[in-house]
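Q: The structure that follows is given in the form of structure tokens.
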Amino acid sequence: MASEGITEIDSGLIETNYDNVVYTFDDLNLKPNIVRGIFGYGYESPSAIQQRAILPITEGRDVLAQAQSGTGKTATFTISALQRIDENEKSTQALILAPTRELALQIQNVITHIGLYLNVTVHASIGGTSMKDDIEAFKSGVQIVVGTPGRVFDMIERRFFKTDKVKMFILDEADEMLSSGFKEQIYNIFRLLPETTQVVLLSATMPQDVLEVTTKFMNNPVRILVKKDELTLEGIKQFYINVEQEDYKFDCLCDLYDSISVTQAVIFCNTRSKVEFLTTKLKGENFTVSAIHADLPQADRDTIMNEFRSGSSRILISTDLLARGIDVQQVSLVINYDLPANKENYIHRIGRGGRFGRKGVAINFVTDQDVGMMREIEKFYSTQIEEMPADIGALFN
């Protein structure tokens, strides 16, 4: 409960006001078919956030949970939601919101896999797709809805999505969801849910303003917060290259590729125009490149992501659209062609490179004007970004 105060466990790595830690899936009192789905999905034992968050969520408590990118946040609320769903009740019982269509689709995929042996229906209600499909899904009955705020609110307003049986409201990437761009939509949706609805927020970062906002619609939440100065990404080697000025970045990128052998890489830029510029330039140098940004039609985005996942494209250039939650297994290198404008997006970007302990390398292109921002990032995450060594190629052999 909020009034209990925060205690530290695990040598200060985690702050929490909830003492129960469960070290095996078998001890979480889950439906046997969920455990079967968990093992089938490839999990052997719960991650740190799963050990602490699944139990209070399945007990119906409001939960504010924070963990690093790639530590199993999605499975945390997936397992919990599947446990709480009444399989005999065909109405919507759980609503999960995500900031991007891609993340919503990935969450749907995880729910489908872990819930493989349950009689549970899940539907992604996202912008850029046919409204007719949404309407048909809601009319036929769907127990878990994963969606983006705009489309979900539209379906509720049009009365196709009936919220009277919703008992769980889950926000993934809460720092992004509660930023100014989504806050109003979230509030509008929340006001249309039953007063007894359980609220669960999960995110990699929890700035103070977000923590304050959560008090408006959470009831004595269990808080499980990774201390900020421990919020570096294990397994990710972080480097910077001082390119001095913007005009030198492209030549630096080509020189870098001459010295390393990389299976696949994600390159982040801050604007759509920069993504398009860099894509054109790299294709001119005969690189196999894909590009993705928010203005692309949904079908095109899906095709591009599938091509990259299958390995037919070696370089994916993206804006921060991709930075939250998209798990591309083979990525060993992330390049910040531009440092993120928002330092809280840094962890989401470089987290693409080494999820669940897989090693990765992040290289930041830094102009003279960027040095201050890089120092801010280092301070914010209590980390050190080292100058790229001359023998960088050895890290990829």
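Glycine residues also receive a Cβ, built from the backbone N, Cα and C atoms like all the rest.
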Q: Give the range, chosen from 172-175, 312-315, 368-371, that Swiss-Prot lists as motif 'DEAD box'.
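A: Going through 172-175, 312-315, 368-371 one by one, Swiss-Prot gives motif 'DEAD box' for 172-175.
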Q: With Swiss-Prot as the source, which of 23-51, 52-80, 81-109, 139-167 is set down as motif 'Q motif'?
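A: My reading of Swiss-Prot: the motif 'Q motif' range is 23-51.
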Q: Can you break down the motif 'DEAD box' (172-175) into helix, strand and coil residue counts using DSSP?
A: 2 helix, 1 strand, 1 coil
Q: How many other Cβ atoms sit within 10 Å of the Cβ of Thr74 (ATP binding site)?
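A: That number is 21.
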Q: Which of Gly72, Lys73 (the binding-site residues) has the most other Cβ atoms within 10 Å?
A: Lys73
